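S.K.: Sharing a structure below in C-alpha cells format, with a few things to ask.
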Amino acid sequence: MADLLPGMNTQLRRPTSKASIVETRRFYRQQRRALSPEQQVKAARQLVKHCQQQPQFQSAHKVALYLANDGELDPHPLIEHCWQANKDVYLPVLHPFCAGYLVFVHYGPETLMQANRFGIPEPKVECHRLCPIEQLDILFTPLVAFDTKGNRLGMGGGFYDRTLKPVYQRPKPTLIGLAHDCQQADSLPVQPWDIPLQKILTPTQEFNL
C-alpha cells in the first residue's frame with residue numbers, strides 16, 4: 001500500500017504493525033478528525049455515487065446506517081438517497097435491556113431523536129419500529145480503521161461485534177464498512193471476538209473480501 005492515502009495527515013506518525021490497539025485507534029481517529037469540513041462533504045457525496053454502483057445496494061430494501069460522529073465518514077447523503085429510492089433505513093440504538101448490544105430502529109425524515117449516553121442522537125425504541133438484524137439486507141458500519149483482509153477496528157466498545165456474532169455467517173445482512181481512505185491500515189491486530197466485514201467502501205476504493 002502506498003505510504004500516503006488521500007486525506008492522510010502527514011504530521012502524525014503512522015503506527016507500525018507492532019503498535020498496540022490503543023495507539024492504532026488513537027492514530028486513525030486523529031486522521032479522520034483532521035479532515036476539513038470540505039473534505040468531509042466531498043467524501044460523503046462520493047460515497048453516494050459509489051454505493052449507487054453496487055448491485056447489492058441497488059436491490060436492497062432494508063438498509064442499516066448510522067449517524068456520523070468523531071470524524072466518521074458521514075452517510076447522511078446516502079440516507080437521504082435511500083429515502084428517495086423508497087428503501088427503509090434503520091439506525092443502531094443501544095439495546096435498552098441488554099448492555100453492550102444494539103437494536104436497529106426505523107429512521108425517517110420525521111423521526112424524533114434523543115441523545116444516548118454517548119451523546120449520539122438515536123430514535124426512540126418502539127417495538128413496531130424494530131427490525132430483526134437477520135431481516136436487514138445491508139448493514140453499513142462505521143469504523144476507526146480497516147485493512148484489506150476485512151478486519152475492522154472500532155471504538156472499543158464491542159457493540160457491533162456482540163450484535164453481529166449470531167448472524168455474520170448467514171446470508172443476511174451483508175456487512176459493509178464505510179471509511180475515509182486515510183483510515184486504511186496495512187494490517188490490524190485481530191481479537192477472537194472480532195467480526196470480519198464482507199466489503200469495505202471508501203470514497204475512492206472498494207474492497208470485496
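Yeah, the Cβs are placed from backbone N, Cα and C, and that goes for glycine too.
TrEMBL annotations: computationally assigned, not manually curated.
Just lifted these from TrEMBL, have a look:
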type	residues	note
BINDING	Leu67, Glu72	substrate binding site
BINDING	Arg152, Leu153, Gly154, Met155, Gly156, Gly157, Gly158, Phe159, Tyr160	ATP binding site
S.K.: Look up Gly158 (ATP binding site) in the DSSP assignment and report helix, strand or coil.
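M.R.: In the DSSP reduction, Gly158 (ATP binding site) maps to coil.
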S.K.: If you measure Gly158 (ATP binding site) to Glu72 (substrate binding site) at Cα, how many Å is it?
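M.R.: Between the Cα atoms of Gly158 (ATP binding site) and Glu72 (substrate binding site), the distance comes to 17 Å.
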S.K.: Among all the protein chains here, how many other CB atoms are within 10 A of the CB of Arg152 (ATP binding site)?
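M.R.: 23, counting other Cβ atoms within 10 Å of Arg152 (ATP binding site).
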S.K.: Long-range same-chain neighbours of Glu72 (substrate binding site), Cβ under 8 Å, sequence gap at least 6?
M.R.: Arg32, Tyr66, Pro142, Leu178
S.K.: Going by DSSP, give the three-state secondary structure for Arg152 (ATP binding site).
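M.R.: DSSP call for Arg152 (ATP binding site): strand.
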S.K.: Gly156 (ATP binding site) has how many other Cβ neighbours within 10 Å of its own Cβ?
M.R.: 10
S.K.: Quick check for the class: what is the C-alpha distance, in angstrom and rounded, between Leu67 (substrate binding site) and Tyr160 (ATP binding site)?
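M.R.: Tyr160 (ATP binding site) has its Cα 15 Å from the Cα of Leu67 (substrate binding site).
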